[in-house]
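Okay, structure first, notes after.
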Number of protein chains: 2
Amino acid sequence: MGNVIVAQSGGPTVAINASLAGVIEGTIGSNYDKIYGSINGILGIRDDNIIDLSSIVASDPHFLKRLKTTPAMYLGSCRFKLPAIDSGDPIYNTLFEQFNKYQIEAFFYIGGNDSMDTVDKLSAYAAQIGSDIRFVGVPKTVDNDLCVTDHTPGFGSAAKYIATSTMEVIFDAQIYDNPSVTIIEVMGRDAGWLTAATSLAKTECCDGPDLIYLPEVAFDKEKFIQDVKSILGEKTNVVVAVSEGIRDAQGEYISASTGTLDNFGHAQLSGAGKTLEYLVKDKLGVKVRSIEVNVLQRAAAHMSSLTDINESEAIGKKAVDIAEEGVTGAMVTMERISNAPYEIKFDYAKIHDIANEAKEVPQDWINPEHNGVTKDMLMYLRPLVIGLPDVEYRDGLPVFVTR
Amino acid sequence: MGNVIVAQSGGPTVAINASLAGVIEGTIGSNYDKIYGSINGILGIRDDNIIDLSSIVASDPHFLKRLKTTPAMYLGSCRFKLPAIDSGDPIYNTLFEQFNKYQIEAFFYIGGNDSMDTVDKLSAYAAQIGSDIRFVGVPKTVDNDLCVTDHTPGFGSAAKYIATSTMEVIFDAQIYDNPSVTIIEVMGRDAGWLTAATSLAKTECCDGPDLIYLPEVAFDKEKFIQDVKSILGEKTNVVVAVSEGIRDAQGEYISASTGTLDNFGHAQLSGAGKTLEYLVKDKLGVKVRSIEVNVLQRAAAHMSSLTDINESEAIGKKAVDIAEEGVTGAMVTMERISNAPYEIKFDYAKIHDIANEAKEVPQDWINPEHNGVTKDMLMYLRPLVIGLPDVEYRDGLPVFVTR
């Protein structure tokens, strides 16, 4: 048989390189010959910026193990959406000429929604021109908002980092005997999964956040102040977790908009947490601070979930398996067979059924007061954060791999 | 012999409970009988809010091990400065009556400058009234700005978390092939030690931050923009580390109102990082973001330094030793005997020689361009971040102890 090529795209997570390791390992155990890597997503194929991963693996015995726990993207990323396949754009011709040049029989794209759209279009184009190159998507997103799959690679690690950091912030918040409010702002513009993960901080040694607000329900400022006031009547130090994407009943973000748009036309949010900090200060006059968990929630490889890293690797291997079986235009998925003991079945689904639909937190996993999550949410989250991968350290700092 | 009492004060670190564990362990191996804990610093003694630590240790075999890696303060904190000993304030009488009631022979105060001031005053008052109770200070501060001691407990762990997070942010920043600037803002209003710790992120797999600005030298906005521009000529993704406390030649903080109002009409105040983000956007028009490492740098027990935790524990034990030897009005210190192999000698110094002086980064550990640190700084920092303590996990989350 011929060769395969793999690329990564979209925003980083700490598990996307574990999926790359999985694709490489899957290829090594397959009938495919070489595995190539395309630099900066699909653009590396277009621009002939391609590296030979097989020879890197052969020359560095530590490579795959270190790659598994390296954050972000070894191959680099891109934000590039393919034009419609009937657009007449020459890029399709360029890409398939490149596939022929490198004798590619399967292309694996590790990424989010945009990458799945690329896989969908390339497989449709292949069908149109009679090419039998396989196109398989390997999902990743810290946001956990992809449909069909039980959860997404990258989410469990972000959830573990967020839950652990929330617990540590709660310990930090408890030291003084004076009333205080601490607001933790978590990523998630439309889906509240990451913010919900703060609920995991409730353990035998920690109360967890006292209030949790997700973007799936309209945020009511008056009710929020009443909620905080009520908890302040019971305990000294109140900790609140909010999603960056909370909106009021009119759909307006609870944040000071800077009025500027980012490179993709999204409105720049300047902090739901900061906004609520000012609100609490104004209305309750109590000591208050806000903490933005920030980019570390998707980058903190040192606090990733072993379950997530192992699943991300397995999903990469599965992608190679199904390509060998002849599947194309599909994304690898996870189905939860049982929760205790936790068991996952790896499967796949046609990408056409997945793209452009976001999976929100179900309303019945949010408490009736709209300021917390239910036991169902906790049961869903718990297995995803178990274990710490064996990150290698040298001189006290992690050892990662770079190109 | 009689009993001892211990308290914690000031801002939290992840190592201050290791020192508490050390004081407890030191007492167990000493001629002292019981060890009491005062809740919320010295206020617990005044208000008779005192717990029996000996019985907690006796009843929970996991207590000391878990305490060693629990962040913040098990006994709670306070911000309370004793009045002058000749003020006639009745608090001194109250405190010494309490010491008598609990048959206290030694008081250990784990904390920063204010706590050392308390130890100084109590020992002076004891001398005045002819009491032979021993008062010993156990230092802690993430800022590393105490004199006499080579470094302070708590600093190594914060340095390790900051260096690791910086490395992870750098990986996150490198994925796109488009120019970008990432600004990391680190704690340290007057001393640049924590910001300097970002330099540890330079390893075989990581460039480290390209530019580092400390508060010990005046910050020049024009030169900063020239520095960034120059690096952008060499590489695509530039990462800058700045101390929250950077000031211009006139001593004014480099942080300002952004000119935007939040939903409640407040001007949004921003830190040094945010201010430089706007400056870079304005002057260079390049993609830029800023990241505030925030409270997690002093709370992230999951990424603490084993060296720091062990030293913090040892320094607690040393405090009990010197109290037994009759020392009072002193703070335990560390002297670096050698750097390779790293060797520390625990000693003590009269608090009167230490208080109210801050240890800044030496000018000759800052590079001549004022945008980085020298090899001497790296050699000083490296041994302090070695090792990870054995944090216990249950269901994927750390197991800490609370009262």
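Glycine residues also receive a Cβ, built from the backbone N, Cα and C atoms like all the rest.
TrEMBL annotates B:Thr141, B:Val142, B:Asp143, B:Met187, B:Gly188, B:Arg189 as substrate-binding residues; of B:Glu244, B:Glu252, B:Glu277, the candidate listed for that same site is B:Glu244. Taking CA atoms as the reference points, B:Glu244 (substrate binding site) and B:Lys140 (site 'Important for catalytic activity') are 20 Å apart.
Counting only residues at least six positions away in the same chain, the Cβ atoms of B:Thr152, B:Phe155, B:Met187, B:Gly188, B:Asp190, B:Ala191, B:Trp193, B:Leu194 sit under 8 Å from the Cβ of B:Asp143 (substrate binding site). Report note: the substrate site is defined by B:Thr141, B:Val142, B:Asp143, B:Met187, B:Gly188, B:Arg189, B:Glu244, and the residues of the same chain whose CB lies within 8 Å of the CB centroid of those residues, excluding them, are B:Asp145, B:Val186, B:Asp190, B:Ala191, B:Trp193, B:Leu194, B:Gly245.
Counting other Cβ atoms within 10 Å of each Cβ, the binding-site residues B:Gly11, B:Gly188 show the lowest value at B:Gly11. It is B:Arg189, among the recorded positions B:Lys140, B:Arg189, whose Cβ has the fewest other Cβ atoms within 10 Å in the structure shown.
Within 10 Å of B:Val142 (substrate binding site), counting CA to CA, the recorded positions B:Gly11, B:Asn113, B:Asp114 contribute B:Gly11. Of the recorded residues, B:Arg189 (substrate binding site) and B:Gly11 (diphosphate binding site) place their C-alpha atoms 14 Å from one another.
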